[in-house]
Each structure stands twice: as structure tokens, then as C-alpha cells.
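Colleague: So TrEMBL lists these for the protein:
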type     : residues                       : note
COMPBIAS : 1-26                           : compositional bias 'Polar residues'
REGION   : 1-30                           : region 'Disordered'
REGION   : 63-94                          : region 'Disordered'
COMPBIAS : 69-78                          : compositional bias 'Basic residues'
DOMAIN   : 91-283                         : domain 'SAM-dependent MTase TRM10-type'
BINDING  : LEU190, GLY210, CYS222, LEU236 : S-adenosyl-L-methionine binding site
REGION   : 287-337                        : region 'Disordered'
COMPBIAS : 300-313                        : compositional bias 'Acidic residues'
COMPBIAS : 323-337                        : compositional bias 'Low complexity'
Amino acid sequence: MATETDLTTPQAADTNASQDPSTQLRNYKGIQYSYDEPRFKGLSKNAIKRLLKDQLWDQTRPQRLQVKREKHKKRISEKRKQYEQGNAPPLPKRVKTADMVFGNRKAIIDCSFSDLMTKKEIDSMQAQLVRCYSANRSAKEAIHLNISGFDDALKTVFDKRTPSYTNWRNVDWDPEPYEKSFDKEKLVYLSADSDVVAKELEEDKVYIIGGIVDKNRYKGLCQDKAVAAGIATAQLPIGEYIKLASRKVLTVNQVYEIMLKWVEHRDWKKAFMEVIPLRKLKDSEIFDGDESQDQAKDGQEDEDDDEALQQEDEAARQEEEIQAAQEQQEESQIAQE
Ligand SMILES: C[S@@+](CC[C@H](N)C(=O)[O-])C[C@H]1O[C@@H](n2cnc3c(N)ncnc32)[C@H](O)[C@@H]1O
């Protein structure tokens with residue numbers, strides 16, 4: 001039976017505190033908090049909820065990864081079984097970092113836009129860079145990567161999520177802007193907003209990809225930056241091959257993967273078809289390559305975009321997890337040899 005002495009229990013103390021709404025102890029999916037915590041100063045209730053949601057997302061990451069790891073293992077063992085029974089092709093051979101093949105080509109990812117991104121977008125940017133490296137590892141000819149403007153915001157995410165990045169092969173992590181290390185005459189900034197359409201990827205040019213996730217908030221940002229610096233720009237010739245139903249601004253990793261595929265096939269259409277996700281190709285028209293059409297949609301966010309980005313994030317997270325597993329295996333193999 002409840003008595004007055006119950007007020008000394010923690011639960012009763014919370015109830016007591018609830019008389020002042022700012023100090024009242026609250027609960028968000030298991031996280032205890034109150035509005036008067038210094039980290040919430042000046043934030044609206046919605047902003048506090050978003051912060052708690054992010055905190056929960058970060059806290060539950062190890063469990064999510066574990067579940068994915070187990071699902072991945074199960075999928076692989078299913079596929080192996082199918083292969084052993086003669087019902088499926090063999091599993092693709094694991095790519096070893098040591099087997100990477102490099103030509104002379106170089107690309108820059110301009111990561112100087114952290115101030116324009118939310119925390120979630122910086123996380124997504126990091127995941128896209130992991131995908132770039134992962135694609136580079138299995139490419140026929142890898143492209144040397146310079147991550148320029150590599151600042152603390154991005155570095156913190158790498159340190160936390162993918163600490164093995166310091167061992168990535170042929171990647172320069174440069175906190176300085178690219179102008180310090182590259183001859184301006186050799187640079188071409190890739191931008192969907194450029195009037196120039198790339199015909200090929202010239203071997204002696206260094207192509208820059210804008211390292212930003214902005215859901216098209218900053219239209220023309222990279223084009224304007226390049227023009228102001230006197231750097232040439234070019235868009236990928238997507239319009240000559242595909243009339244996309246949505247805007248033709250691609251993500252950083254998609255552009256990088258298209259570059260890798262072009263270097264492999266010397267065929268834009270093949271490169272686009274192998275990299276651009278099916279959901280983006282849905283409802284689009286595919287040409288033979290002799291029509292030249294300008295089908296830029298006016299930067300309007302189509303409804304799919306948010307979802308597409310989330311799916312991309314998810315795929316990138318999985319990639320990161322697979323990558324970590326592969327690297328671990330390679331490291332233990334090397335240790336055994
Ligand atoms: C998500 S986009 C960034 C969009 C940003 N608003 C801007 O100003 O470029 C990331 C980068 O991928 C490259 N990119 C995306 N779509 C492209 C296209 N169709 N042609 C050439 N480069 C493209 C550009 O380098 C771009 O900066």
C-alpha cells in the first residue's frame with residue numbers, strides 16, 4: 001500500500017520534479033532527459049527530440065551492425081550451399097587491397113563544405129566516401145584519390161566509424177584546399193550545372209567531385225566555386241544517353257563509380273547503366289547516344305529523393321560493415337602468412 005514515505009523513492013522524486021516542466025525528468029525511448037540540460041539550451045522541443053533521435057541512432061549502431069553482420073553471414077552461407085548443390089554460380093572472389101591496380105589517373109573529392117551540411121549529411125558524406133574506396137578496390141583500374149579540405153567534422157566521423165581509413169591505399173587525406181597541391185590548368189570541376197558536356201575523361205586532367213550532400217539546396221554551388229577560381233567545369237553526358245525522369249544530379253559515389261566504369265569500358269552508356277540506381281532509371285528514356293538532349297529538371301526535389309538518399313545511406317552503411325569484415329579477414333590472413 002502506498003504511504004507518504006514513498007516520496008523518497010526515485011520515481012516519486014521524478015514526480016516531485018515534474019512540478020517544474022523544465023526540470024521534469026522525461027523519457028525518450030529509454031533515454032532519460034530533462035529540458036534544463038545544458039546541451040538543450042536554446043533548442044525547441046522538436047530540435048531536442050531530433051537530437052535524442054540522433055543519440056539513440058548512434059547508441060544502437062553496434063546492435064544494428066551485429067544484426068547486419070549476421071544476416072550477411074547467413075546470405076553468404078546460403079549462396080555457398082546453392083553453389084555446392086550446383087544451383088548457383090560461385091561467390092565472387094574477395095578483392096584484396098594488395099591486388100588493387102592503379103593507372104595514372106587522379107581525382108579529387110572537394111570536402112570543403114562541412115559548414116553547409118547537417119550532422120546527418122556529414123555522416124552520409126562519410127558513408128559515400130567509404131563507397132568510393134570500396135568501388136576503387138574492385139575496379140579494373142583504380143583512380144588515385146585526393147580527399148581535399150578533410151576537416152575535423154569529417155575526420156571525427158571517420159575516426160569513429162571507419163578508423164581503418166588511415167590504411168587506405170593511394171588515398172591522400174589533405175586538410176588543405178586542392179589549389180595548394182594541383183596545377184589549376186589541369187583541373188576540371190565536375191558539375192551538373194556546367195554548360196560544357198564531357199566527351200571523355202582525359203588522362204592528364206584531374207577531375208574534382210564536390211564532396212557535399214545537400215539534397216539540391218545549393219544549386220550551382222560547385223559550378224560557381226569553380227568559375228570564381230578560374231577552373232574548367234564539365235557535366236557528365238547523361239543527357240546524351242538517358243532522359244532521366246528525375247533531376248540529373250548524382251551522389252558523390254555514383255559520379256566516382258561512373259568515372260571508374262568509364263575508364264574500364266570507355267563507354268558512357270555502359271557506365272551510366274551499371275551505376276545509376278534502377279529507381280532513378282525508372283520511367284526514364286534510354287537513347288542510343290546520337291541524340292543530344294538537355295533534360296535537366298529544374299532542381300525540384302522529387303518525392304523520391306529523400307527516400308533515395310536514405311536508402312543510399314543504408315547501402316553505404318552496409319558497405320562499410322562488409323568492408324570492415326573484409327579488411328579484418330585480410331588482416332588476419334596477412335598475420336597468418
Ligand atoms: C550531390 S552533388 C552536389 C550538388 C551541389 N549542389 C553542386 O553544386 O554541385 C555532388 C557532386 O557530384 C558531382 N555531380 C553530380 N551530378 C553530376 C553530373 N550530372 N555531372 C557532373 N558532375 C556531377 C558534382 O561534382 C557535384 O558537386
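The backbone N, Cα and C atoms fix where each Cβ goes, and this holds for glycine too.
TrEMBL does not curate its annotations; it predicts them automatically.
Please go over these features one by one and say how buried each is and what sits next to it.
Modeller: For LEU236 (S-adenosyl-L-methionine binding site), other Cβ atoms within 10 Å of its Cβ number 24. According to its DSSP assignment, LEU236 (S-adenosyl-L-methionine binding site) is coil.
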Colleague: Look up GLY210 (S-adenosyl-L-methionine binding site) in the DSSP assignment and reduce it to helix, strand or coil.
Modeller: strand
Colleague: With the S-adenosyl-L-methionine site defined by LEU190, GLY210, CYS222, LEU236, which remaining residues of that chain have Cβ atoms positioned within 8 Å of the Cβ centroid?
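Modeller: Along the chain, the qualifying residues are TYR189, SER191, ALA192, SER194, ILE208, ILE209, GLN223, THR233, GLN235, VAL255.
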Colleague: For a quick check of understanding: given the listed S-adenosyl-L-methionine-binding residues LEU190, GLY210, CYS222, LEU236, what is the maximum Cα-Cα distance in angstrom, as an integer?
Modeller: 14
Colleague: When DSSP states are grouped into helix, strand and coil, how many residues of the compositional bias 'Basic residues' (69-78) land in each?
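Modeller: Taking each residue of the compositional bias 'Basic residues' (69-78) in turn, the totals are 10 helix, 0 strand, 0 coil.
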Colleague: If H, G and I count as helix, E and B as strand, and all else as coil, what does DSSP give for CYS222 (S-adenosyl-L-methionine binding site)?
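Modeller: DSSP assigns CYS222 (S-adenosyl-L-methionine binding site) to helix.
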